[in-house]
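Asker: Below are the features I grabbed from Swiss-Prot:
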DISULFID  CYS33-CYS61  disulfide bond
DISULFID  CYS40-CYS65  disulfide bond
DISULFID  CYS48-CYS60  disulfide bond
DISULFID  CYS54-CYS69  disulfide bond
DISULFID  CYS77-CYS127  disulfide bond
DISULFID  CYS86-CYS110  disulfide bond
DISULFID  CYS102-CYS123  disulfide bond
DOMAIN    77-127  domain 'BPTI/Kunitz inhibitor'
REGION    102-133  region 'Interaction with SEMG1'
REGION    117-133  region 'Interaction with LTF'
SIGNAL    1-21  signal peptide
Amino acid sequence: MKFSRFVSILVLFGLLTKVQGPSLTDFLFPRRCPRFREECEHRERDLCTRDRDCQKREKCCIFSCGKKCLNPQQDICSLPKDSGYCMAYFPRWWYNKKNGTCQLFIYGGCQGNNNNFQSQSICQNACEKKSNST
């Protein structure tokens, strides 16, 4: 009798955490933001202020000159080049994993992804050193 109550409470707890908050593995193995700090040409607008501003598997991290929502389990340097859908003209750098170099592209100013750096040196420090160590 006591055991079945205990199991029912565990099942209910498991269902509620999936609906209302982080999963049990997030408590046991907390995710961390990348430890990447760089001198920036200019500070970018923060896209978040805390983890609650981000989607389920993302954290609000200081990354590439501003606060951004990142999935700590995702390799940012593996993301494809994404100019976004706006029509601004911002020269930026992205890491091309196929040839292992940072390449210039034009960012439209909104959306896109986090494989988007202000300078070639910031891109290299974030991605090339990481890929050389693996």
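Glycine is treated like the rest: Cβ placed from N, Cα and C.
Could you place these features in context, so I can see how deep they sit and what lies close by?
Answerer: Neighbour density for CYS33 (disulfide bond): within 10 A of its CB lie 15 other CB atoms from the protein chains shown.
For CYS40 (disulfide bond), the number of other Cβ atoms no farther than 10 Å from its own Cβ, over all displayed protein chains, is 14.
The Cβ neighbour count for CYS48 (disulfide bond), using a 10 Å radius over every protein chain in view, is 17.
Long-range Cβ neighbours of CYS69 (disulfide bond) (same chain, at least 6 residues apart, Cβ-Cβ under 8 Å): LEU47, CYS48, ASP53, CYS54, GLN55, GLU58, LYS59, CYS60, CYS61.
Within the same chain, residues at least 6 positions away in sequence whose Cβ sits under 8 Å from that of CYS127 (disulfide bond) are ILE76, CYS77, TYR95, LYS97, CYS102, ASN115.
In the three-state DSSP classification, CYS86 (disulfide bond) falls within coil. Cβ-based neighbour count (10 Å, all protein chains) for CYS86 (disulfide bond) stands at 13.
Counting every protein chain shown, the number of other Cβ atoms lying within 10 Å of the Cβ of CYS102 (disulfide bond) is 22.
Under 8 Å from some Cβ of the region 'Interaction with SEMG1' (102-133) lie the Cβ atoms of residues 34, 36, 38, 40-42, 44, 63-65, 68, 70, 76-96, all in the same chain and six or more residues away from its ends.
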Asker: If you measure CYS86 (disulfide bond) to CYS65 (disulfide bond) at Cα, how many Å is it?
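Answerer: It is 20 Å, counting Cα to Cα.
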Asker: Considering every residue in the region 'Interaction with LTF' (117-133), what is the mean pLDDT value?
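Answerer: Mean pLDDT, the region 'Interaction with LTF' (117-133): 82.
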